[in-house]
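Listed in TrEMBL for this protein:
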- ARG260: active site (ACT_SITE)
- GLN86, HIS88, GLU113, HIS241: Zn(2+) binding site (BINDING)
- 3-127: domain 'Phosphomannose isomerase type I catalytic' (DOMAIN)
- 154-222: domain 'Phosphomannose isomerase type I helical insertion' (DOMAIN)
Amino acid sequence: MELTGWVKNYGWGRKGINSAVAQLAMANDPDFRLNEEETYAEMWMGTHVCGVSVVKETGETLDRVLKKDLSYLFKVLSINKALSIQVHPNKCEAERLHKERPDIYKDPNHKPELAIALTPFLALVGFMSAEDIRDYIDEFQPLSKLIGKEAVDQLHDSTNSESVKLCYEKLMKTEEPVIAKCISEIAKDYQNELKSNDLLEVFTKVNKDFPGDVGVLSLFFLNLIRLQPGQAIYLGANEIHAYLDGDCVECMACSDNVIRAGLTPKYKDVDQLLESVIFESSYKDRKEFIPYRIDDQVQVYIPPVSDFAVINVNIEHSLESYKLEIQAFGSILIVLKGSRILKLKTQQGDKEILVTRGSIVYIPVEAAPEIEFAQSDDCDEDFSGYIATSNYFRVP
């Protein structure tokens, strides 16, 4: 089944044709009309109620055709401005939050997620080591003054996650005018220090997009991660993060639950974030999520959850055919480059589909044990695509 993705126009997305989401939407849907003044932030592929995909041939929504929800939600993101400082709840928290505040937390599911860079990609992920946070607080005196002597002294006396928690809680609960004054002083008087720590450009941009926001000061607490195309990060439940810039493919459990606390015009649930977040330190050189290579054409990103995995298929144009072994789980393919004839089994029998950039295809359980990517006529471009599926690669 060929699908139409659901486009989201959040304010942080790239504008017009500069957005990878808009480019893919134009290639995917002949009825899509581009507005150069509109932001195109996300394309959703799946069965989530907030953005369900549509079957092109019939106009039915995918969830109605399948008569169930998929275990994952698949997306493409195109980011111009920072997404919020956020965590996603674990399963128990999600069930409780959905029950207590269904208007904010719209489903009872957890939301571990995997982001795979399509362009150079910038993100904040997890807390830095307590030592690095201590050194930043010492170097940037307006921040040290804001956090206060008691918390800073404790960070020096016991340089651990409990002291980081005390400092970060003090930061997040400080009144907005005090936060804005601190940011202003750092921007004015600490240019050299920002530059020497490779923070000047990102500090300036985030502060321009969200002036005086507490999230700007999270740059001194969280790991700044720079990914190249193909590199990935995995974010488990309660891991603090914020995507800052770039395009990516993203896959997650089928949920839209987000606990936000900064860099957003949306509702900020600071108390819940501080209750949920993991304050344990992590080192940024350990944050890249490494895929498992099957062969020269295929690598698989296998997270430590059963909800999803992502298969990356790259086929040189000179290769006549490639057969990909799969198991009997419903999957979704998006094509980013090149063209191939996708051959697969369906309930209606064998089927061939010409897939090109922007094609989105639901691969049914009947297609197992293999699908084939055959050469298409007159294509001299290598093929690249991603397939979201249930995580049958994971050993329980």
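Every residue gets a Cβ built from N, Cα and C, even glycine.
Across the domain 'Phosphomannose isomerase type I helical insertion' (154-222), the model assigns an average pLDDT of 96. The DSSP breakdown of the domain 'Phosphomannose isomerase type I helical insertion' (154-222) into helical (H, G, I), extended (E, B) and coil residues amounts to 53 helix, 1 strand, 15 coil.
The Zn(2+) site, placed at the center of the C-beta atoms of GLN86, HIS88, GLU113, HIS241, has further neighbours from the same chain whose C-beta lies within 8 angstroms: VAL87, LYS111, LEU235, GLU239, ILE240, VAL258. In this view, GLU113 (Zn(2+) binding site) is surrounded by 25 other Cβ atoms within 10 Å of its Cβ, with every protein chain counted. For the domain 'Phosphomannose isomerase type I catalytic' (3-127), residue counts in helix, strand and coil come to 27 helix, 40 strand, 58 coil, using DSSP.
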